[in-house]
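Visitor: Here you go, one structure.
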Amino acid sequence: MTNMSQPPATEKKGVSDLLGFKIFGMPLPLYAFALITLLLSHFYNALPTDIVGGFAIMFIIGAIFGEIGKRLPIFNKYIGGAPVMIFLVAAYFVYAGIFTQKEIDAISNVMDKSNFLNLFIAVLITGAILSVNRRLLLKSLLGYIPTILMGIVGASIFGIAIGLVFGIPVDRIMMLYVLPIMGGGNGAGAVPLSEIYHSVTGRSREEYYSTAIAILTIANIFAIVFAAVLDIIGKKHTWLSGEGELVRKASFKVEEDEKTGQITHRETAVGLVLSTTCFLLAYVVAKKILPSIGGVAIHYFAWMVLIVAALNASGLCSPEIKAGAKRLSDFFSKQLLWVLMVGVGVCYTDLQEIINAITFANVVIAAIIVIGAVLGAAIGGWLMGFFPIESAITAGLCMANRGGSGDLEVLSACNRMNLISYAQISSRLGGGIVLVIASIVFGMMI
């Protein structure tokens, strides 16, 4: 005789599937425990504003919206998926007043006071460069600056062309659109550009900065979207893409890498030691030893790329240590990226700024300039022996975004976080090149 009180098998399966559903690797009941804890903290306004409280809220918020972003149709394919969803939601939570001041302070302390972003980028640069074949690395660095220059040329040509369509003079297009977009972001681009503008022309730096940052904000959005599109193009036309590898190895003969022995936690820890030590040396060089070259300040991340590259070329690092640094880099890029994106949304994204900048002319001009940067870098990269997709992303889009945080947004949108070292060359050394160009262009306006 059938027991009528027994629930159907399909109902049991549904409950089992729900309980087995995982958010950031956690079963739903376990994540629910974390979320309820965060909500209690929110409603009682009781959150430690140190790194513990900051990481708690960043992990819990990043996990749920990361899962939504990677599953949302269209958004996950064309807009950038989980990382973009996370930083947009986090920015909205600040804009709408959903986050309390304590929550904002906790996240800001992680991002700004503890400078988690610097640690994240330093680890990724070290792992990315040490994992590259030494001769291949030398070739890529030598050919990369010309590729950046081609990206700037492409952006300038397309920018001038669309400017003429809208009746905007060439000098104004270069000054207010092309240079801010290609200038390496906010702190390393828009801010020093406004200072150069003021010192050369005598005009208001505030007026220039407010326009430049608005255009840069729009361009950053297009850079993220185009990164996702380039990833799709690369998958459909595989000859255009190295799937995360910049150099076309077929065009360059390299020796085999040394075989790697067993990797322990100690080699991974050494990877962290090297990341922080190379960052420290780069910081000392940038701030005290060589604060500028030819009047142009070189950012410490640009120095770090060169220092880690020299360390790789020196042969001091065993294959096991290199593999340990790569393992640490993979952990940061795969397990902590969603956490970081909450901080990017809270600390480095101003939705009001984006809203204010959205006019038809600004949107069209910014989009065309970014397309020019992509095409110029792709062509230049191909001529230098690089894959067009990877060179377009690093030397094109990572020049046209908003610097360090923009690099992470762009690379995460196209699943190429291992290219962070080249992205940093674009944002830092490339940004320095743009500052030199700006001083010449602004001088011609007088």
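Backbone N, Cα and C atoms are what each Cβ position is placed from, and that goes for glycine too.
Keep in mind it's a predicted model, so treat the numbers as computed, not measured.
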Visitor: Identify whether VAL178 and LEU397 belong to the same side of the membrane as annotated by Swiss-Prot.
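Guide: Checking Swiss-Prot: the two residues are separated by the membrane.
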Visitor: Express the distance between the Cα positions of MET399 (Na(+) binding site) and ARG428 (citrate binding site) as a whole number of Å.
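Guide: One finds 9 Å between the Cα atoms of these residues.
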Visitor: Which has the fewest other CB atoms in a 10 Å radius around its CB: ILE181, MET399, the listed binding-site residues?
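Guide: It is ILE181 that, of the binding-site residues ILE181, MET399, has the fewest other Cβ atoms within 10 Å.
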Visitor: Which entry in the list of binding-site residues, GLY183, GLY404, has its Cβ near the fewest other Cβ atoms, using 10 Å as the limit?
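Guide: With the binding-site residues GLY183, GLY404, fewest surrounding Cβ atoms within 10 Å: GLY404.
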Visitor: Applying the rule Cβ within 8 Å of the centroid of the Cβ atoms of ILE181, GLY183, MET399, ASN401, what extra residues of the same chain belong around the Na(+) site?
Guide: PRO180, MET182, GLY184, GLY185, GLY189, LEU216, ALA219, ALA223, ALA373, CYS398, ALA400, ARG402, GLY406, SER427, GLY431, VAL434
Visitor: Give me the count of other Cβ atoms within 10 A of the Cβ belonging to ARG428 (citrate binding site).
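Guide: A 10 Å sphere around the Cβ of ARG428 (citrate binding site) contains 25 other Cβ atoms.
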